[in-house]
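Engineer: Shown below is the structure under consideration.
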Amino acid sequence: MSRFSPTETTVVFLLGGPGSGKGTQSTNLVRDYGFTHLSAGDLLRAEQVREGSQYGTLIKSYITEGKIVPMEITVALLSNAMAETLEENSKKGTAQKQGNGAGKARFLIDGFPRKLDQAVFFEETVCPSEFTLFLDCPEEVMEKRLLKRGETSGRDDDNAESIRKRFRTFVETSMPVVDAFEGQGKVIKVEATGSVEEVYERIQASFEARGVRPASF
Ligand code: UP5
Ligand code: MG
């Protein structure tokens, strides 16, 4: 049994290579579709610097090496963040206002699952996903974006060597997740080149084609 029921909670996974624009497009999707955005990478980076965390050093070394942090850590962070949001919603009585489904909370889970066993484990124990939005972007484009961001981001992994490792992990380990969901007919694939606005227009068009409606606030 999963912790959250898909009849009350909608989970959409947002996947794509490093620098494909997951975080950037999440901002648009939160604004227009009433999603609560949970970035697995952001949660891990916050845990890395949280005072008293026993995982700080481990997370830092995995992220710098572009490797995937053991899923127990990531799944616990995501699952707890979902529980917190649902609790806040029920306190505020806002759950009904989110999303288009009656009373459903909508989560956009960015950058997770990155490995097949994570996908299976999350769907079994936390919540089955409705679909996956996949941002498809060539490495040259992503590399350019990340090196530019690296000038100011301060992220441990925005350097040429870490970027190369992240790309390899994405191709070898994370693409099989997208392929598996694709096999289940649960992937919306969007070309992620061009401007932020162009990409978002493609996302909106493909959502509409699939019957995913904006939130009515
Ligand atoms: N930008 C975005 N869109 C643009 C566009 N259309 N045109 C021009 N510029 C555009 O964008 C990246 C940069 O490009 C930004 O400067 C943006 O302005 C610009 P962003 O939206 O940040 O892209 P995103 O896909 O979110 O890139 P990010 O670097 O966050 O992707 P990663 O998948 O590498 O990072 P994440 O934070 O998800 O994971 C980091 C690490 O954490 C992983 O490598 C791994 O070590 C670990 N991790 C796990 O172990 N498990 C998990 O489940 C998740 C993460
Ligand atoms: Mg991101």
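Please read every residue number as a count from 1 along the shown chain.
Each Cβ is built from the backbone N, Cα and C atoms, and glycine gets one as well.
All TrEMBL annotations are machine predictions without curation.
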Engineer: Looking at the candidate ranges 39-69, 101-131, 163-193, report the one that TrEMBL labels region 'NMPbind'.
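Structural biologist: In TrEMBL, the region 'NMPbind' feature sits at 39-69.
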Engineer: Any idea which of 82-92, 148-158 is down as region 'LID' in TrEMBL?
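Structural biologist: Of the candidate stretches, TrEMBL labels 148-158 as region 'LID'.
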Engineer: Taking the residues the record says bind ribonucleoside 5'-phosphate (R45, K67, I68, V69, G111, F112, P113, R114, Q118, R155, R166), how far apart in Å are the two Cα atoms that sit farthest from each other?
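Structural biologist: That value is 24 Å for the farthest Cα pair.
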Engineer: Measuring Cα to Cα, how many Å separate G111 (ribonucleoside 5'-phosphate binding site) from G23 (ATP binding site)?
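Structural biologist: It is 9 Å, counting Cα to Cα.
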Engineer: With Cβ-Cβ distances below 8 Å as the criterion, list the same-chain residues six or more beyond the ends of the region 'NMPbind' (39-69) that contact it, or say none.
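Structural biologist: Same-chain residues near the region 'NMPbind' (39-69) but 6 or more away: 18, 22-23, 26, 77-78, 81, 109-112, 114-115, 118, 155-157, 162-169, 173.
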Engineer: Quick check on the binding-site residues R45, R149: which one has the highest count of other Cβ atoms within 10 Å of its Cβ?
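Structural biologist: Of the binding-site residues R45, R149, the most buried by Cβ count within 10 Å is R45.
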